[in-house]
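Down below is the structure, laid out as structure tokens.
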Amino acid sequence: MQGVLFDLDGVITDTAKFHFKAWSRLAKEKLGVTLPASFESDLKGISRIDSMNRILKFAKMENKYSADEVDAMAQYKNELYLKEIGKLTQTDIFPGIENLLDELAVNKVKLSVASASKNAPFILEKLGLREQFDAIADPAKVAHGKPAPDIFLEAAAKIDVDPTKCVGIEDAKAGVEAIKSAGAVAVGVGDSNDLKEADSVVASTEELTYSVLEQAFRK
Ligand code: XGP
Ligand code: MG
């Protein structure tokens, strides 16, 4: 194991709930629909524009708006989301993550971020974690969002490690699929029924240690 590729939302910190809150408000205000709670997991790992399109499809309004109008709605959601995450501090880092980053650094494993979110650099700054990572893959630079492998391939390339020598960590089904398609080893965080394709699953970030990742890699 020479590299670890981290998803951010739902792995490093609990921002998935803020994404869903903002998407729900947008759906209600602009489209007049209520998103069911189950939609939260449907949007995990999915890029901003793909999330917007899924919501339009749910509302049966796929063809109602121009591309500019759709962009404006997605931007409005981001403004709502930014208000929520402006308050993030180091205390919002999920349990076990800081310890894991320290252990990986001691073991000279390179660390890269493979988030679908364009807000990843801002969030890492707020959490005081920017310096712990060797690279952040830019989702604006990849052709296809998760479940395509692109963002994980880019994250591995940015630390100059072959994807097959990397472990990826994800809380989303689409993310686990992306890791596997990239040829890396997938460790899921969450419900093992949702993340069946992962090589190994832990229930919470507290269980993520160097040795757990190493064992998943050797499996
Ligand atoms: P960004 C976000 C999406 O808006 C959100 O729906 C996804 O759940 C999240 O990425 C996954 O990490 O992207 O709007 O912060 O760029
Ligand atoms: Mg996630």
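Heads up, the Cβ atoms here are built off N, Cα and C, so glycines get one too.
Note that TrEMBL annotation is computational and uncurated.
Source: prediction; values computed, not measured.
In TrEMBL this protein carries:
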ACT_SITE  D7  active site, nucleophile
BINDING   7-9, W23, 43-48, S51, K77, 115-119, K146  substrate binding site
BINDING   D7, D9, E170, D171  Mg(2+) binding site
ACT_SITE  D9  active site, proton donor/acceptor
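Taking the centroid of the Cβ atoms of D7, D9, E170, D171 as the Mg(2+) site, the other same-chain residues with Cβ within 8 Å of it are L8, G10, V11, A16, K44, G45, S115, I169, A172, G175, V189. A Cα-Cα distance of 8 Å separates G45 (substrate binding site) from the residue listed as 'active site, nucleophile'. Cα distances from K118 (substrate binding site) to the binding-site residues D9, E170, D171 are smallest for D9. Put simply, of the recorded positions D7, R48, S115, the one whose Cα is nearest the Cα of D171 (Mg(2+) binding site) is D7. Closest in space to E170 (Mg(2+) binding site), of the recorded positions given as D7, W23, R48, S115, is D7, taking the CA atom of each residue.
Within 10 Å of its Cβ, the residue among the binding-site residues R48, K118 with the fewest other Cβ atoms is K118. By the rule that a residue counts when its Cβ sits under 6 Å from some atom of ligand 1, the recorded positions D7, D9, R48, E170, D171 yield D9, R48.
In terms of Cα spacing, the binding-site residues W23, R48, S115 that come within 10 Å of the residue listed as 'active site, nucleophile' are S115.
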